[in-house]
Amino acid sequence: MSNSHTTYDYFDRPLRDLRISVTDKCNFRCTYCMPAEIFGPDYPFLKRNELLSYEEIERVTSIFVQSLGVKKIRITGGEPLMRKDLSTLIDRISQINGVEDIAMTTNGYFLPKYAKELKAAGLKRVSISLDSLNDEVFGKINGRGVSVQSVIDGIDAAAEAGIKVKINMVVKRGMNDQEIIPMAKFFREKGHILRFIEFMDVGNTNQWNLKDVYPKKQIIEDIHEVMPLESIDPNYTGEVASRYRYIGSDIEIGVISSVSDAFCSTCNRARLSASGSLYTCLFASIGHDLREELRSEKTDEELAEHIQAIWRGRKDQYSVERGDATTTRKKIEMSHIGG
Ligand code: SAM
Ligand code: SF4
Ligand code: SF4
């Protein structure tokens, strides 16, 4: 759809999605994201004045939406619900003219407490991460021994509050590939869309290796053998998950194949870190500092021009160029930009 404000990058990809990380902190220590050995008690998490305030997030979001063509907002982290009064931010963002969709990615732990107020504030959709239904496996993955039930309680709380729920499962060979079928069965029964995510080489701390990636093709074959699937068309251009439906039902699953089947050619996402740096790719080495710009005397028009110039120069297509080995280049950590 054309839009007079649409901003295109070097490869003609429009800017449509903005993912906002509101904190770099988390109550979990997932081995593939914030390994406990590295994110320990001495880890230098951001200080309060280094985080964008809700006013600053609201202002920059309005600029992205009203001057640059963004339509969808996703709140992420770290664990976004670790940030105080998150519903206030959701409320402010949902009131910005032009925001068509507002979603959040969360580990689900705090949803029993916050689901109702998040819904009232305007949250429409939530993606909840859960990698296993087995307490021992899940406890090891989340690095804190958190039980499966506490996440299921979060899933139920969100659904009961009327928020649309999807489940995200990162699949890593040898870690939880045996959990693919139990998870598929469980969420087919429950009626929530389950999305499998290939283990990615985000950041520099998660010991990524190509041999640990359990590829999309294999995931689909495993499920198809037990519960036959048919593929379905994407909902819209740029949708990252390939969609499948269980034959004879309207329950679907998705696979996000960032490693085995890259989708950079339609990537329309910008990411704002909790400290206010703008990243034009999940695997970027450097961000563009917007916090100082926001704290300067610059007008909204000047800020919009600045961001527009960044997006116009965007040439990122890391997953296409990755090859079979992670590069040695320095990359931003997942917990800073939130996936
Ligand atoms: N804490 C929230 C959560 O876990 O949903 C939001 C932030 S988390 C960084 C966002 C998503 O990224 C989660 O679904 C998580 O499983 C996924 N993720 C983190 N590290 C990953 C990796 N190395 N490969 C693939 N997905 C990853
Ligand atoms: Fe925390 Fe989410 Fe990363 Fe797990 S994936 S450590 S829950 S930020
Ligand atoms: Fe987008 Fe970068 Fe991922 Fe490619 S590698 S899909 S450009 S975030």
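Using N, Cα and C of the backbone, Cβ positions are placed for all residues, glycine too.
A TrEMBL annotation is a machine prediction, not a hand-curated record.
Record features, source TrEMBL:
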type	residues	note
DOMAIN	10-230	domain 'Radical SAM core'
BINDING	Arg19, Arg74, Thr105, Lys166, Arg269, Ala270, Arg271	GTP binding site
BINDING	Cys26, Cys30, Cys33	[4Fe-4S] cluster 1 binding site
BINDING	Tyr32, Gly78, Ser129, Met200	S-adenosyl-L-methionine binding site
BINDING	Cys264, Cys267, Cys281	[4Fe-4S] cluster 2 binding site
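With respect to ligand 2, the binding-site residues Cys26, Cys33, Gly78, Ala270 contribute Cys26, Cys33, Gly78 as residues with a C-beta closer than 6 angstroms to one of its atoms, given in sequence order. If you measure from the Cα atom of Cys281 ([4Fe-4S] cluster 2 binding site) to that of Ala270 (GTP binding site), you get 7 Å. In space, Gly78 is the closest of the binding-site residues Arg19, Arg74, Gly78, Cys267 to Cys30 ([4Fe-4S] cluster 1 binding site), judged by Cα positions. On a Cα basis, Cys264 ([4Fe-4S] cluster 2 binding site) lies 21 Å away from Thr105 (GTP binding site). With a cut-off of 6 Å between Cβ and the nearest atom of ligand 3, the binding-site residues Tyr32, Arg74, Cys264, Cys267, Arg271, Cys281 reduce to Cys264, Cys267, Cys281. According to DSSP, Tyr32 (S-adenosyl-L-methionine binding site) is assigned to coil rather than to any helix or strand.
Met200 (S-adenosyl-L-methionine binding site) has a Cβ environment of 24 other Cβ atoms inside 10 Å.
For ligand 1, the neighbouring binding-site residues among Tyr32, Arg74, Thr105, Met200, Arg271 are Tyr32, Thr105, Met200, by Cβ distance under 6 Å. Look at Cys264 ([4Fe-4S] cluster 2 binding site): DSSP puts it in a helix. Checking each of the binding-site residues Cys26, Tyr32, Cys33, Cys264, Cys267 against Arg74 (GTP binding site) by C-alpha distance, the shortest gap belongs to Cys267. Using the Cβ center of Cys264, Cys267, Cys281 for [4Fe-4S] cluster 2, the list of other same-chain residues with Cβ within 8 Å runs, in sequence order, Arg13, Phe263, Arg269, Thr280, Leu282, Asp316, Gln317, Tyr318, Ser319, Val320.
Separation of the C-alpha atoms of Arg271 (GTP binding site) and Ser129 (S-adenosyl-L-methionine binding site): 19 Å, rounded to the nearest whole number. Cβ contacts within 10 Å of Gly78 (S-adenosyl-L-methionine binding site), excluding its own Cβ and spanning all protein chains shown: 28.
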